[in-house]
Amino acid sequence: MTKIGGVAPCSLAEGRQPLWRKVPIASSLINPYRIVIIMRLVILVFFFHLRITTPVHDALALWIISVVCEIWLALSWIVDQLPKWFPITRETYLERLSIRFEREGEPNLLAPVDIFVTTADPLKEPPIVTANTVLSVLSVDYPVEKVSCYVSDDSASMLLFDTLSETAEFARIWVPFCNKYNIEPRAPEFYFSEKLDYLKDKVHPTFVKDRRAMKREYEEFKVKINVLVAKAQKKPEEGWVMQDGNPWPGNNIDDHPGMIQVCLGSAGALDKEGKALPRLVYISREKRPGYQHHRKAGAMNALVRVSAVLSNAPFALNLDCDQYINNSKVLREAMCFLMDPQLGKKFCYVQFPRRFDGIDCNDRYANHNTVFFDINMKCLDGIQGPMYVGTGCVFNRQALYGYEPPSEKRPKMKKELSFMSLKNLEKRFGQSPVFIDSALMEDGGLPKGTNTRLLIKEAVHVISCDYEEKTEWGKEIGWLYGSVTEDILTGFNMHCKGWKSVYCMPKKAAFKGSAPINLSDRLHQVLKWASGSTQIFFSGYCPLWYGYSGKLKCLQRLAYTNSIVYPFTSIPLLVYCTVPAVCLLTGKFIIPTLSNLASIWLMALFISIILTCVLELRWSGVSIQDWWRNEQFWVIGGVSAHLFAVFQGLLKVAGVDTNFTVRAKSANDTSFGQLYLFKWTTLFIPPTSLVILNMVGIVAGISDAINNGYDSWGPFFGKLFFSLWVIVHLYPFLKGLMGRQNRTPTIVVLWSILTAIIFSMIWVRLDIFLPKERGPVLKQCGIKC
C-alpha cells in the first residue's frame, strides 16, 4: 500500500474522522422516564389541590405546617428534576487523535498542558499523598516536553519543599519504569497496593525482577518522606533552616515572600535512561498582613499567572493534592474535545467525574456521590455542560482569562486585545508586561525573544500579595472570589459568557482520590459545600438574578439555581421530620380521613415516586444501593450540615465571618479504621434530637393505641409508618454514633430500652394476674359478705 508522508491512506482517512461523538440515551430507556415525570407533575397538582381543600380541623396548625413543607419539598424536586430531561454520554477516539496529531517522522502537534496541584497544609494533607499525585502527573502518557506540573504550597512549608525535592529524584527511576511496562495506575502507593494480577498482559521477561526492585526503591522513598514528616513535627524556636544555612523564607506562614523553585525541567533534568522529564515547579505565593489571599481561589489564580509566564500552555488541568491520575491517557481524552477542529474552541473545560479509594463497600455516608456524578452531570452535559467540581478539570486558558467563546459576531481574541491600550490591559491583567504578552498568545507558548533568565523573576512578581489590586482577577478573570465553593462560581460565570463544557467519563476512571471516612469529617465537608452555596445565594453572582445576557440556557440556570438554594430545603425537611413525632405524641394527624378519591391520588403519588426512581436507575446504570445511600444522606445532611450552612450564610450577611479548616486526609486510604471513629460535633445535635424524639413518639403512640383499644390501631399505623420513615433514613447516622465495632452499638441500646418500655406498658395493660370481674365493695356488703 502506498504511503503518503509515511502514513497509510486508510490511516489518513481515519484521522479525518471526528475525535469524539455524542451518544444519546436510548429512547426505550429515556422516553418512559420522561412520561413518568410528566405524570408525576400532574399527580402533584391534583394531590396538592386535595391537600389544600381538605383541611384537618382538629389539627389545623399541624396541617398548615405540613402542607407548606410538602409544597416546598415538591418545588425542590421540580427544580432538581427538570434539568434531567436530556441526559447524554460521550465517546472518544484516541487512535484518531494520535493519527491526526502524532504522525511518524513529523513534529508532535498535541497541545501543551499545564497541570496545577494545590496544597494548603502538609500536616493535614500527608506529603506522601501529594508525592503520589505528582508522580502520577510526571508519568502521564503524554509528550514530556508538553507537560508542566506546578505545585502550589499555601502553607509555605519546608516539609513540602523537601518532599518535592525527594519526589523529583524518585521520578528519575519511576517514570521510565511506568513507560517501559505501561503500568496503571502510575501513583506508586496505589499501584503496589492493588490486589490484582499484576502479571496480566505483562510479557516482558524482566518485569517481575524490575517490579520487585522498584517496590524496594519506593519503600525507601517512603522512609525518607516519613523522616521528613517526623522532623517537621517539632519546629525549632529559631525557625527552619535550609541546607545552605539560610533561614527558610516561609517560617511565618502569614508573612513571607513569594517562592518559586524549578525542581525538574532545567538543564540536566533527565531520568536514569537519559530521557527528558516533565517540568516540576514549586510555588508559594507571597503573603503579608493586611492582604486578602482568598484561599484556594487565590492560589489557583497565582498558578495561572506563574504558568503563563514560564510555559503558557493553552490548556490547564487542576488537581487537588489527594487526587491522583488513575488513567494515564486522561490528557489525551481531554484533547479529543479541546483540540476538535470544529467545536474545540467553544469548550471552556472538560470535567471528569470524581472517583474515590478507601471507601467502605457499603458507602455508608454516600461518599461516592454516584447519583450526582452519574445522573445529574450526564444530564447537564446534554444542556450546556457539567458544572465545575473543583478538581479533575482541564481548562481552556482563554476561558480563564474571562473572554467569550469565538463566534462569527465576535472577532478573534488577539484582534480584540490589540485595540486595548496598555493601561487597560494592565487594569485587566495586572502590571506585568511578560504576562500580558503571554495572554496575547491565543494558542499558548511564550512570545518570541523571551529572555528565559528573567522569567523566574517575573514569575515571582506575578505572585506578589498586591499584584491583583485594582485588576479584574477574582472578578472576571480566573477563579472567582466570594465563596468557599469557588468552583461553582467559576464554572457558572463561564457558562454565562456562552461557553460550553464537556463531561468525559472514560471506562477507566480518570482520577481517584481520598474521601472523609468518618461521619464527623463527612458532615463538615458537606457543611463547607452548603455554606459556599449560601454565600453565592447572598452574593451578586446568584443565578436567580445574575447573567441574563441570553447566553445561559434556561435549564442550565435552573440547575445552577438548584445548586445554590438546596441548603434552604433543610428548613422544611427538619420540620417535616419532626411532624411524625408530634403526631404520635399529641394523637393528631396531618391527613384527614381519606375518601376513595383521596386514596387513589395518594397511591398514585407513591407509585409515581417509585417509578421515577426505578426508571432513572434503569437509564443511568446507578445501583439501588447507591441511590438509597444518597437518599439517606440527603436527609442526614439536610437536617444537620445544610441547616447550619443556612445560619452561617445569614451570619455572613450580618458581617460575622466563618472559617473552614482543611480536612485531615489519610495517607492510607485503604484502612477503614476511621470509619468507626466517633468525634462529637454540634452538627450531630439536630439528627440526634430527631431520632430520640421519634423513638419517644413511637413509644407514646403504642401506649395510646393500647389504651384506646383496637379502633385506634388504624390511624396509629399511618403515624408509625411516617415516623419509621424518618428513623430509617437516619439509620447510617445512628451507625455512625456507635463507635468501634467491639462496642455495643448505640442503636442496639436505644432499641433495647424502647422494647423494654413497650413490653412493660403491654404487661401493665393486660393485668393478667388480676380477676376479670370486680367483687363487691366491703362497705356495701358488710362483714357477712
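Every residue gets a Cβ built from N, Cα and C, even glycine.
Annotation source TrEMBL lists active site at ASP154 (among others). According to its DSSP assignment, ASP154 (active site) is coil. The C-beta environment of ASP154 (active site), restricted to residues of the same chain at least 6 apart in sequence and closer than 8 Å, consists of THR118, THR119, ALA120, ASP121, SER284, ARG285, HIS293, ARG295, LYS296, ALA299.
Other Cβ atoms within 10 Å of the Cβ of ASP487 (active site), summed over all protein chains shown, number 24. Per TrEMBL, the feature active site maps to ASP487 (among others).
The DSSP secondary structure for LYS124 (UDP-alpha-D-glucose binding site) is coil. Note on LYS124 (UDP-alpha-D-glucose binding site): other Cβ atoms within 10 Å of its Cβ, all shown chains, come to 13. If you look up TrEMBL, you'll see LYS124, GLU125, ASP154 marked as UDP-alpha-D-glucose binding site.
Annotation source TrEMBL lists Mn(2+) binding site at LYS296, ASP320. Other Cβ atoms within 10 Å of the Cβ of ASP320 (Mn(2+) binding site) number 24 in total over all chains.
If one looks beyond the transmembrane segment (30-48) by at least 6 residues along the same chain, the residues whose Cβ comes under 8 Å of a Cβ in the stretch are 24, 67, 70-71, 74, 78, 81, 85, 87, 601-602, 604-605, 608-609, 611-612, 615-616, 618-619. If you look up TrEMBL, you'll see 30-48 (among others) marked as transmembrane segment.
Taken from TrEMBL, the feature transmembrane segment applies to 60-79 (among others).
According to TrEMBL, the transmembrane segment annotation covers 564-585 (among others). Long-range neighbours of the transmembrane segment (564-585) within the same chain, counting only residues 6 or more positions beyond its ends whose Cβ lies under 8 Å from a Cβ of the stretch, are 59, 62, 65-66, 68-70, 72-73, 76, 79-80, 488, 530-531, 533-534, 536-537, 542-543, 635, 638-639, 642-643, 645-646, 649, 686, 690, 693-694, 696-698, 700-701, 704, 719-720, 722-723, 725-726.
The transmembrane segment feature in TrEMBL is assigned to 597-621 (among others).
The transmembrane segment annotation in TrEMBL covers 633-654 (among others). Non-local neighbours of the transmembrane segment (633-654) in the same chain are 365-366, 523-524, 526-527, 530-531, 533-535, 537-538, 566-571, 573-574, 577, 682-684, 686-687, 690, 726, 729-730, 732-733; each lies 6+ residues outside the stretch with a CB under 8 Å from one of its CB atoms.
The transmembrane segment annotation in TrEMBL covers 675-696 (among others).
For 716-734 (among others), the entry in TrEMBL reads transmembrane segment.
Annotation comment: TrEMBL describes 746-766 (among others) as transmembrane segment.
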(request) Sort out the residues at least 6 away from either end of the transmembrane segment (716-734), same chain, that have Cβ-Cβ distances under 8 Å to it, and list them. (result) 364-365, 519, 577, 579-581, 583-584, 589, 591, 629, 631-633, 635-636, 687, 690-691, 694-695, 697-698, 701-702, 704-705, 745-747, 750
(request) State the non-local partners of the transmembrane segment (597-621) in its own chain: residues 6+ outside its ends, Cβ under 8 Å from one of its Cβ atoms. (result) 25-26, 29-30, 32-33, 36-37, 39-40, 43-44, 46-47, 50, 54, 84, 87, 374-375, 378, 627
(message) Let me check the 10 A CB neighbour count of GLU125 (UDP-alpha-D-glucose binding site). How many other CB atoms are there?
(response) 23
(message) Within the same chain, where does the transmembrane segment (60-79) have neighbours whose Cβ lies under 8 angstroms from its own Cβ atoms, ignoring anything closer than 6 residues to its ends? I mean 6 or more beyond.
(response) 41, 44, 48, 51-52, 558, 561-562, 565-566, 569, 571-573, 575-576, 579, 582-583, 586, 588-590
(request) Please report the number of other Cβ atoms within 10 Å of the Cβ of LYS296 (Mn(2+) binding site). (result) 22
(request) Whole number in angstrom, please: the longest C-alpha to C-alpha distance across LYS124, GLU125, ASP154 for UDP-alpha-D-glucose. (result) 13
(request) Measuring CA to CA, name the entry from the recorded positions LYS124, GLU125, ASP487 that ends up nearest ASP320 (Mn(2+) binding site). (result) GLU125
(message) In whole Å, how far does the CA atom of GLU125 (UDP-alpha-D-glucose binding site) lie from that of ASP487 (active site)?
(response) 20
(message) I need the CA-to-CA distance for LYS124 (UDP-alpha-D-glucose binding site) versus ASP487 (active site), whole Å please.
(response) 22
